[in-house]
Amino acid sequence: MQQSMTKVKYLWKENNNYIYSTFLTLLLTVILYANSLNLPLKFISLLFVVSTLLIVFLPKKLEVATIIFILVFGTISAIISPINDIPDEYVHYSRTVYISEGDINLTNNNKKLRISKDVDKLIKQSGKTFITSNLKATKHSTREYSYPYIKGTNAYYSFSYIPQALGILVGNALDLPILLTYYFGRLCNLISYAMLAFIAIKLSGSFKQVIAVVTLLPMNIYLAASFNQDGFAIGLVLVTIGLFINLLSSKDKSNYNTKFFLYLVLCGLLVLSKFTYFLLVCLPLFIPNEKFGKNTKLVILKKLGGLLLIFLFAAMWFRLYGQVKTPYVADFLKEVNVSQQVKNMLESPIVYSSIIIRHMVINLINMNNIFQFGALSYGITNLFPLYVCFFFFVYISNASKITINIVEKMGIIFVISAIIGATVLAMYLTWTPVGSSTVLGVQSRYLIGIIPLVLLLFSSQQQKFKQIEDILSDKLAIHVSLLFILAMLMSTIFRYYH
């Protein structure tokens with residue numbers, strides 16, 4: 001008995017600050033987001049107990065602790081988020097069902113874009129929660145109808161929907177109600193994201209704390225716990241960046257060429273799932289050639305050959321998916337004309353270049369949109385300045401862990417700029433009325449993948465950074481990330497559960 005009490009006292013002493021901060025965070029969210037005094041005390045208590053247990057008994061391995069947090073709190077997010085509440089979820093869900101029925105490719109023939117009427121039933125329930133939905137007893141229907149809005153996912157190939165589709169297939173095979181199958185599909189997507197996060201952290205070596213914190217961004221958890229393929233795509237981006245960090249910092253040259261080949265494969269997959277991020281293929285160009293082998297000419301040939309191969313593949317895919325014409329989802333899209341927009345840009349390059357550059361800067365320095373959820377209708381944006389402060393401490397704690405020369409830094413600057421520029425340009429061409437002086441459709445979540453690169457860019461071997469290396473322990477980094485996830489979950493509860 002005395003030994004048990006001693007153990008409890010030790011655990012309390014080691015974790016009391018974490019427990020206090022968890023309680024205070026929940027209290028803060030009540031003050032900031034509660035709409036009435038009728039508080040969901042059972043849910044708040046559950047979050048507090050689960051958070052406390054996880055932080056007290058946190059695994060020592062960072063990658064293991066991270067995936068546990070992703071799975072536990074992602075599951076909560078998947079359950080409490082209303083049907084089709086996550087950005088574009090209804091169209092991603094419809095594509096998932098389409099694939100689960102054995103249809104791989106999209107077509108402009110709307111009559112062939114047939115899916116189960118389950119989709120129509122769930123779309124009509126959009127905004128309802130598991131509690132308020134009336135589909136708890138509704139079984140899967142084999143009756144189909146034409147749904148052309150599937151074409152809104154034309155930029156993504158089918159493989160990034162496999163996890164969700166497996167969830168749908170298993171749910172239907174078990175004859176579950178379509179509502180349970182829907183939530184099971186969300187959970188399968190979450191599991192795939194957790195696996196990718198684990199791989200990304202393992203690959204990133206001494207920079208793993210940074211990658212772990214990025215994987216725990218509330219928006220990443222929110223997207224992964226849905227049918228939106230962005231969860232899978234962001235995980236793939238982080239794995240690619242993790243492998244780049246591995247190439248950058250590894251001293252073992254024996255399997256360098258194998259890693260480079262895998263890197264090219266990952267960039268090829270990014271072409272099909274997160275198009276503008278295929279530009280990560282440029283990063284190895286700036287790694288010293290001697291790391292790849294003694295034959296400099298052969299190394300250069302491999303680098304340029306890989307680069308050319310991925311660029312050709314990207315051009316082919318861009319042309320291919322562009323042939324599938326997406327339906328108008330808003331009236332202003334009738335004023336969008338890619339060819340006319342390109343013509344205008346060529347005729348007045350200075351004017352339109354300034355528009356693109358201005359919005360590149362705006363979207364880089366103003367990313368508080370990643371703390372907005374639903375149809376950008378609620379969120380925790382007032383906590384974004386606190387998150388920036390937290391990320392600053394993550395930066396200084398890891399700034400001296402990787403040595404990067406000036407050429408590599410220039411390469412990172414180029415790739416960051418190229419990804420932002422390509423993202424803004426894509427939205428200007430495909431989502432903005434012709435001749436507009438602004439750029440519509442750019443969401444901060446599109447740029448989440450560049451965050452590790454920004455921190456990597458500012459790596460420094462200055463003595464002052466070495467002195468404060470690891471000022472932020474892995475446990476503290478995970479815990480603070482948890483506090484922001486709790487804020488996200490609480491904001492969802494207060495938004496939809498009165």
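Each Cβ is built from the backbone N, Cα and C atoms, and glycine gets one as well.
What TrEMBL records for 18-34 (among others) is transmembrane segment. Residues 44, 47-48, 51-52, 55-56, 380, 382, 475, 479, 482-483, 486-487, 490-491, 494-495 of the same chain sit 6 or more residues outside the transmembrane segment (18-34) yet have a Cβ under 8 Å from a Cβ within it.
For 41-58 (among others), the entry in TrEMBL reads transmembrane segment.
What TrEMBL lists as transmembrane segment is 64-83 (among others).
Annotation source TrEMBL lists transmembrane segment at 155-174 (among others).
Long-range contacts of the transmembrane segment (231-248) within its own chain (CB-CB distance under 8 A, at least 6 residues past either end) are made by residues 156, 160-161, 163, 189-190, 192-193, 195-197, 199-205, 207, 211, 214-215, 220, 223-225, 256, 259-260, 262-263, 266-267, 269-270, 273-274, 277, 280, 283-284, 287, 291, 402, 404, 408, 448-449, 452-453, 456. If you look up TrEMBL, you'll see 231-248 (among others) marked as transmembrane segment.
What TrEMBL records for 260-287 (among others) is transmembrane segment. Sequence-distant neighbours of the transmembrane segment (260-287) (same chain, 6+ residues past either end, Cβ-Cβ under 8 Å): 155-157, 159-160, 229-230, 232-234, 236-237, 239-241, 243-244, 247-248, 302-304, 306-307, 309-311, 313-314, 317-318, 407-408, 410-412, 414-415, 418-419, 422-423, 426, 446, 449.
Look at TrEMBL and you will find 299-318 (among others) tagged as transmembrane segment.
Residues or ranges marked as transmembrane segment in TrEMBL: 377-398 (among others).
Only residues 6 or more beyond the boundaries of the transmembrane segment (410-431), in the same chain, are considered here, and those with a CB under 8 A from a CB of the stretch are 275-277, 279-280, 282-283, 285-286, 333, 336, 338, 341-342, 355-357, 359-360, 363-364, 404, 439-442, 446-447, 449-450, 453-454, 456-457. Summarising the annotation, TrEMBL assigns transmembrane segment to 410-431 (among others).
Taken from TrEMBL, the feature transmembrane segment applies to 443-460 (among others). For the transmembrane segment (443-460), same-chain residues at least 6 beyond its ends with a Cβ under 8 Å from one of its own Cβ atoms are 87, 204, 207, 210-211, 214, 217, 219-220, 223, 230, 234, 237-238, 241, 245, 274, 276-277, 363-364, 366-370, 391, 394-395, 398-404, 409, 412-413, 415-416, 419-420, 423.
Sequence annotations record features per position, and here TrEMBL assigns transmembrane segment to 476-497 (among others).
Contact between the transmembrane segment (64-83) and the transmembrane segment (377-398) is not supported: fewer than 3 Cβ pairs lie under 8 Å, counting only residues 6 or more apart in sequence. Residues 18, 21-22, 25-26, 28-30, 33-35, 40, 43-44, 47, 51, 54-55, 58, 62, 65-66, 69, 73, 76-77, 80-82, 85, 129, 131, 209, 212-213, 216-218, 221-222, 371, 373-374, 377-380, 383, 387, 390, 394, 397 of the same chain, all 6+ positions outside the transmembrane segment (476-497), place their C-beta atoms under 8 angstroms from a C-beta of that stretch.
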